[in-house]
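According to TrEMBL, the features are:
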- GLU120: active site, proton donor (ACT_SITE)
- ASP261: active site (ACT_SITE)
- GLU354: active site, proton donor (ACT_SITE)
- GLU375: active site (ACT_SITE)
- THR478: Ca(2+) binding site (BINDING)
- 522-546: compositional bias 'Basic and acidic residues' (COMPBIAS)
- 1-28: signal peptide (SIGNAL)
Amino acid sequence: GAAMLRSLGSLLCLWALRLPALPAGTGAAARGLDVASYRERVRAMFYHAYEHYLENAFPYDELRPLTCDGQDTWGSFSLTLIDALDTLLILGNVSEFQRVVNVLQEGVDFDIDVNASVFETNIRVVGGLLSAHLLSKKAGVEVEVGWPCSGPLLRMAEEAARKLLPAFQTPTGMPYGTVNLLHGVNPGETPVTCTAGIGTFIVEFATLSHLTGDPVFEDVARKALKALWKNRSDIGLVGNHIDVITAKWVAQDAGIGAGVDSYFEYLVKGAILLQDKELMSMFLEYNNAIKNYTKFDDWYLWVQMYKGTVSMPVFQSLEAYWPGLQSLIGDVQNAMRTFLNYYTVWKQFGGLPEFYNIPQGYTVDKREGYPLRPELIESAMYLYRATRDPTLLELGRDAVESIEKISKVDCGFATIKDLRDHRLDNRMESFFLAETVKYLYLLFDPDNFIHNDGSVFDVVITPYGECVLNAGGYVFNTEAHPIDPAALHCCRKQKEEQWEVEDLMREFYSLKKNKKFTLKRASDHGEGEGAKDPEDASSEKGGEKRNSKKNSHSLLSCPSQSFNSKLAVLGQVFLDNT
């Protein structure tokens, strides 16, 4: 069993990379697509956006490309800079990577009175910092002696993640959607969170636990995943929003898109990253239910989670990640068929509208925009690694042409408000530089270090033996931040021995006769608040978690009103008028 899963895991990570090279003259080259020139256009696209962000928007979270200024959106942490950091390295820019690492160390503070989305802060901030931390040696940064088990970016990632922990203090273990970074959960906070906002932590939190030696992160992420699993319907589906106090489903639409998407993604990626059979079998069971109830002619619809009846015959642009996920579990044929459906929508509009009515073959009212999302390009990148089918490069070409033609402005690239008349919105989401540009570049750069098939690697000497890094098999978090799965095995031993010493010391001084308590593991940089006072540490997960003052911000949490409607995404409720 375990051996099989291990080999499955390495296969999943690397199978797509072990294909024989195609003979010269086949495929896209024969169709006249100059991969190198598109790669350079993507690079230029990155710098056009990045330089204008630095010039006009930094230190705000995001660039406003129509007015050439900046705004805070998901918090106040120079978000675009954190999100774009690993993209710099993938483009080969080590000097700017090094400069930004210094800027972030000096400038970013998470001790702020800001209501933040637990989900977004995790995938963009914690994920971006972890990925940059693990890539920093490759980028020529002078790393600490204990790296990769310590380092300034890792400490920042841990600090950000600790700010999210109070959200998980619920009877079900499913987190609130919003947390105040200073005070914890606000008193009036809505208990309704979307499924993705509950099930999208295992990649970042398990990585943190393995690197820092503090199990609390992986524990809360697993508990949340299992709570969703426990609350699936009799026919094996999960809905869109759930009450994290009562575990009652508030929005009962089941599908693979907005509000649910990355929960399924993280079951697969968590299984690969952690070599975890249980997570994979959970996904495969969901996969069967999804095929049985929501799949029609290689499209996926929304259905009622208990009855399986169709509630919305809609394709959402966020669902375009699904073919990439199917390719990760080896189901390439089905993945290609669904991808080609989605690609026809792209060709119809020059982008993917947020919602597309499948029977009518047209956009849904008020959902005609394309905010430069990465999902279809992401799937194309995975499928191209697996098949080398030139059609996938053609999607990449179309995306470059479209984004340049419709969305490029003097100050960057603007969200497309309406694909029918090409009106723009004054926003450039941080995922444009974190994901869209990165996946495009990786699609056109077959020799990028990210695509390493294990034939080259770095060996890092730690006090506890050798550690192999950068051998490939990277697992991308849902914001396209690559995590090196090998890094998770570098730090374990050190921590266990450190704990043994702590345990011996504790016994020796018998701090509290016959009172059992768990010490919050002090991380490398000695920030173990739990270590100061046994009373404080008696809560199973350590100090902060007892602070369960609750708190809210409508824009940022998944939901912002009570749900009596068909489906809600990021607080906007869609009535069934399709």
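A Cβ is built for glycine as well, from the same backbone N, Cα and C atoms used for every other residue.
All TrEMBL annotations are machine predictions without curation.
Feature annotations (TrEMBL) mapped to structure.
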residue	record	contacts (Cβ under 8 Å, 6+ apart)
ASP261	active site	ALA196, LEU318, GLU319, TYR321, THR478
GLU354	active site, proton donor	GLN316, SER317, LEU318, VAL364, ARG367, GLU368, GLY369, TYR370, PRO371
GLU375	active site	SER317, LEU318, GLU319, ALA320, TYR321, GLY324, LEU352
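The residue listed as 'Ca(2+) binding site' is surrounded by 25 other CB atoms, counting those within 10 A of its CB over all protein chains shown.
Cβ neighbour count for GLU120 (active site, proton donor) (all protein chains, 10 Å cutoff from its Cβ): 24.
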